[in-house]
Amino acid sequence: MQTSFLSQQFNAVFLAENFTACPANATICDGTSCVLPEDTFNQTLSVVLSTVLTIMLALVMFSMGCNVELKNFLGHLKRPWGIFVGFLCQFGIMPLTAFLLSLAFNVLPIQAVVVMIMGCCPGGTASNVIAYWVDGDMDLSISMTTCSTVFAMGMMPLCLFIYTKMWTDSNAIVLPYDSIGVSLVSLIVPVSFGIFVNHRWPTKAKIILKIGSIVGAVLIVLIAVVGGILYKGSWVITPKLWIIGTIFPAVGYVLGFFLARVAGLSWQRCRTVSLETGFQNTQLCSTIVQLSFTPEQLELMFTFPLIYSIFQLLFALILLGGYRLYKKHCMKTNTDVEKTNTDVEKTNTDVEKTPEKEDSKSSAKVNGGFVSDTMK
């Protein structure tokens, strides 16, 4: 089997890079490659939290849909320049970046594959929440997330076939089309309801949006914390993957922003495309690697999606904080300057509108001229 061969071939290299001893309760232990026994508490917690998080995510996407104008949303689909730029970022920049990072750090083939899988995943729904907080184009954000999930059906196999041939047989990677389909349905259905509510009851939609944006921010942090708790036994991996997991999302944000700017998009849409590029569907990546590789191989790679999710959130919060500071100080100063200019223009206009009668009277008095009865 191809995957077993990879595990045996590079086991010696992995042992040389990792020096942490196996836990005493490990059921399978080969040097430092260990598999811990199944934890029934974690299984129960996983089921409960998955249910709660799914419901919360649906509510958040419903609230995000309440900020989408149907006319603008359809306009993006009819004139899809912004969506096309996002497509180039999502399935052009990200897979290529993953490939170059894997080569630059010379990671094991099985680890390079998981980096590639992450780079080929569609955008995550958390980007919609952050896009709202940075005053992004929500119509573009929702349409990009939806389209990238649809395009992933064909683009993920194509990108993985192109980039992973040098490391493994692409047929060894199992793409869970059912999971992609579920992600698509869980995105489209609540957003559609939100768009409908915004169309019929715009005042109520604004209230729902404010509540949903707060819940969404809490949900993003909660998902990261839950991932750390449920998979606490998988944090022992090579430092190279930690470095890649730190660099990768940052590169996605930066390159996505600059490509959008070069394409002539507005600053608002540049922020949106940037977030849609850097934010990946890490849950889908975790599902793919679990379906595709053996427990021994998972020890070499499973933590990477968790690392990526943490740093993509961390950098997104840094961007959010920087934008809020800019908006509070720089935009306020610009507004004050514009207000001062407006007041000056208004004053000049009032001066120009001084009644001609007063000018005539003052001129006559100074010059000793005659003032007619009509001017008195």
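Keep in mind that glycine also has a Cβ here, set from the backbone N, Cα and C atoms.
A TrEMBL annotation is a machine prediction, not a hand-curated record.
For 341-362, the entry in TrEMBL reads compositional bias 'Basic and acidic residues'.
Sequence annotations record features per position, and here TrEMBL assigns region 'Disordered' to 341-376.
If you look up TrEMBL, you'll see 45-63 (among others) marked as transmembrane segment.
Residues or ranges marked as transmembrane segment in TrEMBL: 83-105 (among others). Long-range contacts of the transmembrane segment (83-105) within the same chain: residues 76-77, 111-112, 115-116, 118-120, 122-123, 140, 143-144, 147-148, 151, 155, 159, 162-163, 240, 243-244, 247-248, 251-252, 255-256, 259-260, 263, 265, 273, 276-277, 280, each at least 6 residues beyond the stretch ends and with a Cβ under 8 Å from a Cβ of the stretch.
Within the same chain, residues 57, 60-61, 64, 67, 86, 90-91, 94-99, 101-103, 141-142, 144-145, 148-149, 151-152, 155-156, 159-160, 163-164, 167-168, 173, 180, 183, 187, 209, 213, 216-217, 219-220, 223, 241, 244, 248, 271-272, 275-285, 288-289, 301-302, 304-305, 308, 312-313, 316, 319-320, 323-324 sit at least 6 positions outside the transmembrane segment (112-134) and bring their C-beta atoms closer than 8 Å to a C-beta of that stretch. Among the features that TrEMBL reports, transmembrane segment is placed at 112-134 (among others).
Away from its own ends, the transmembrane segment (140-163) comes close to residues 64-65, 68, 73, 76-77, 80, 82-83, 86-87, 90-91, 95, 98-99, 116-117, 119-125, 127-128, 131-132, 170, 173, 175, 177, 180, 183-184, 187-188, 191, 269, 272-273, 275-276, 281 of its chain (Cβ-Cβ under 8 Å, at least six residues beyond either end). Residues or ranges marked as transmembrane segment in TrEMBL: 140-163 (among others).
Residues or ranges marked as transmembrane segment by TrEMBL: 175-195 (among others).
Taken from TrEMBL, the feature transmembrane segment applies to 207-229 (among others).
Below 8 angstroms of C-beta separation, residues 82, 85-86, 88-89, 93-94, 97-98, 101-102, 105, 107, 111, 115, 118-119, 269-280, 301, 303-304, 307-308, 310-312, 315-316, 319 of the same chain, each at least six residues beyond the ends of the transmembrane segment (241-260), sit close to that stretch. Annotated transmembrane segment per TrEMBL: 241-260 (among others), in sequence order.
What TrEMBL records for 300-323 (among others) is transmembrane segment.
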